[in-house]
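Encoded as structure tokens, the structure appears first; notes follow it.
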Amino acid sequence: MPGVIVLIYRFFLVISLSFMVFGLSVSRTQIFQELTTIVLSPSYLLTDYMALAGVGGAFFNSGLLMLLFTLLLWILKINPSGASIAAILTIGGFALFGKNFFNVWPIVAGVLLYTTLIGENLKTFLYVAYFGTALAPISTHLILASGFNIVGFFLSLIVGFLLPPLASFCLTLHRGYNLYNVGFTAGILGMFLGSILKAYDLAPTPRFYWHEGDQVLLAVFTYSVFYAILLYGLKLNGWSFKGYKSILSHSGKLLTDFVLLENEGVTFINIGLLGLLGTSYVLLSGSALNGPTIGGIMTLAGFGALGKHPKNIAPVVLGVILGAATNSQPFNSPSMTLAVLFGTTLAPIAGEFGFIWGVVAGFLHSALVINVAFLHQGMNLYNNGFSGGFVALFLLPLIDAARLLKNRILVSMRGESNGN
Amino acid sequence: METEKLVVMMVNDILYYLLKKGAHIVDSEIVASSRDFYILIEANVPSENKEVVEKDMKILSKIKDHPELKYYSALSQQVGGLEGIYTIAPYIRKIDFDFAENGLRLEIFVMR
């Protein structure tokens with residue numbers, strides 16, 4: 001076990017430093033200016049830091065956040081598992097379009113404050129704190145909208161404070177079939193906060209930053225990262241795919257931690273493969289590699305350690321593509337491209353109930369996801385997790401009912417044939 | 001939640017899990033001392049499920065090293081799962097299990 005701990009910490013360190021070095025080499029002397037722009041600008045959806053500040057600043061911010069959150073894991077003496085990999089890569093991904101080294105901390109502090117006040121082990125809600133940074137744009141909005149506002153800081157702290165009890169409850173609503181549970185939770189919390197802001201005429205104006213340049217540079221870097229992860233996994237697994245088939249047999253429902261259930265070698269192979277698939281999809285669909293899409297790819301890959309694999313994401317992806325191809329949105333529009341990448345939050349539905357239900361889930365998600373962002377005024381970065389939660393809790397009772405009906409029909413058909 | 005309640009929840013989850021795997025529960029025992037709880041569960045597991053149960057027990061013994069996963073214990077209400085163990089993970093000092101033929105002997109030490 002200690003070997004696994006070292007391997008995962010080493011992975012975090014290497015990926016964080018790679019992002020920071022890449023960011024520095026692209027931006028060079030502009031880095032401080034870019035980071036200042038990132039911190040001081042509103043960060044709600046959709047703010048691509050590459051378009052807002054620059055490619056280098058976005059990557060440096062991402063690497064720095066991954067490094068800081070890894071440091072926090074290390075300080076708290078966490079033995080990293082699949083959940084840690086998912087959390088760190090998700091944070092890194094969203095640090096390309098919404099999270100920065102300033103706005104995440106009030107949320108984290110709020111969660112830790114709640115944990116301390118109820119007398120729990122500080123580690124208990126650590127991942128809620130990590131994933132809860134989905135609400136980081138609220139911090140920027142409340143604290144930095146007009147100079148530094150101390151009241152805004154305390155309000156952001158309260159937002160984090162409310163997350164743990166809500167997140168635990170939300171798990172029971174979708175029964176673990178929506179992998180981005182904190183995204184769903186943050187969406188519900190964000191919905192109330194967004195409504196309050198709107199009621200008092202404090203809601204932010206919509207914004208849309210979407211970077212479309214530097215495609216060769218970004219493709220080379222993204223492919224290199226995921227090829228390296230794949231090779232790392234293969235090396236740990238004795239240069240073979242042995243045991244990978246076992247990963248494909250899991251439904252992916254929470255909590256399917258591949259590091260605990262299988263081993264770190266096949267987990268890294270899965271992460272690498274999902275990252276490569278995600279990158280290829282974005283490029284082949286004619287969309288652009290940028291902050292949001294690379295963030296989506298990193299989240300998809302990160303959850304390759306916590307439930308996702310090619311077999312259970314394929315039906316959901318197909319469902320979203322089916323929706324994108326037939327609805328009014330262009331097939332490779334930003335919202336549909338992100339729906340394909342992040343819609344894989346519903347992979348456990350396909351893993352547990354089969355291909356058809358996976359396609360249905362993806363199709364419903366493609367429609368719902370474009371209609372829920374206004375509820376939280378773009379303050380919840382995990383908009384797809386919010387939508388995914390609703391899709392799961394809508395579909396689960398229907399799947400149960402369909403199964404019940406099917407069984408009844410089968411029983412009555414058997415009864416008839418026996419009667420004959 | 002008080003530790004006694006957590007201990008009982010966990011034992012219930014494990015017994016339920018074993019029953020769902022077709023096991024015959026031979027003995028379940030909770031010894032309370034001033035410092036900790038000692039839990040002993042003995043069961044005869046059908047040979048066809050032995051491999052699965054052994055794998056799950058190995059996972060349980062790993063989970064105790066990951067108290068941060070306790071947050072997911074809200075899912076323990078799902079039938080047949082072992083998720084209840086996450087609830088008590090931060091307090092578990094040791095999990096030992098042993099398969100002799102088809103007999104499972106599971107020992108858990110929980111801090112008060």
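Including glycine, each Cβ sits where the backbone N, Cα and C put it.
Predicted automatically and left uncurated, TrEMBL annotations should be read as such.
TrEMBL lists A:6-28 (among others) with the feature transmembrane segment.
What TrEMBL lists as transmembrane segment is A:49-76 (among others). Residues 9, 12-13, 15-28, 30-31, 33-35, 37-38, 41, 84, 87-89, 91-93, 95-101, 104, 108, 122-123, 126, 130, 209-211, 214, 217-218, 290-291 of the same chain, all 6+ positions outside the transmembrane segment (A:49-76), place their C-beta atoms under 8 angstroms from a C-beta of that stretch.
Positions annotated as transmembrane segment by TrEMBL: A:82-113 (among others).
Per TrEMBL, transmembrane segment is recorded for A:125-144 (among others).
For A:150-171 (among others), the entry in TrEMBL reads transmembrane segment.
The feature transmembrane segment is assigned by TrEMBL to A:178-196 (among others).
Marked as transmembrane segment by TrEMBL: A:216-234 (among others).
Residues or ranges marked as transmembrane segment by TrEMBL: A:355-374 (among others). Here the transmembrane segment (A:355-374) has long-range neighbours at 45, 187, 312, 314-324, 327, 329, 335-336, 338-339, 342-343, 346-347, 349, 383-384, 386-388, 390-392, 394-395, 399, meaning same-chain residues at least 6 beyond its ends whose C-beta is under 8 angstroms from one of its own.
The annotation transmembrane segment is assigned in TrEMBL to A:386-405 (among others).
Note on the transmembrane segment (A:150-171): residues 106-115, 125, 128-129, 132, 135, 138-139, 141-144, 181-182, 184-186, 188-189, 193, 254, 389 of its chain, located 6 or more positions outside it, place their CB under 8 angstroms from a CB of the stretch. The transmembrane segment (A:6-28) is not in contact with the transmembrane segment (A:386-405), judged by fewer than 3 CB-CB distances under 8 Å for residue pairs 6 or more apart in sequence. Note on the transmembrane segment (A:216-234): residues 11, 15, 18, 22, 26, 55, 240-241, 264-273, 275-276, 279, 283, 289-290, 294, 297, 301 of its chain, located 6 or more positions outside it, place their CB under 8 angstroms from a CB of the stretch. Sequence-remote contacts of a segment are chain residues at least 6 beyond its ends whose Cβ falls under 8 Å from one of its Cβ atoms, and for the transmembrane segment (A:386-405) they are 170, 173-175, 177-181, 183-184, 186-188, 190, 342-343, 345-346, 349, 353, 357, 360-361, 364-365, 368-369, 372, 375-376, 380.
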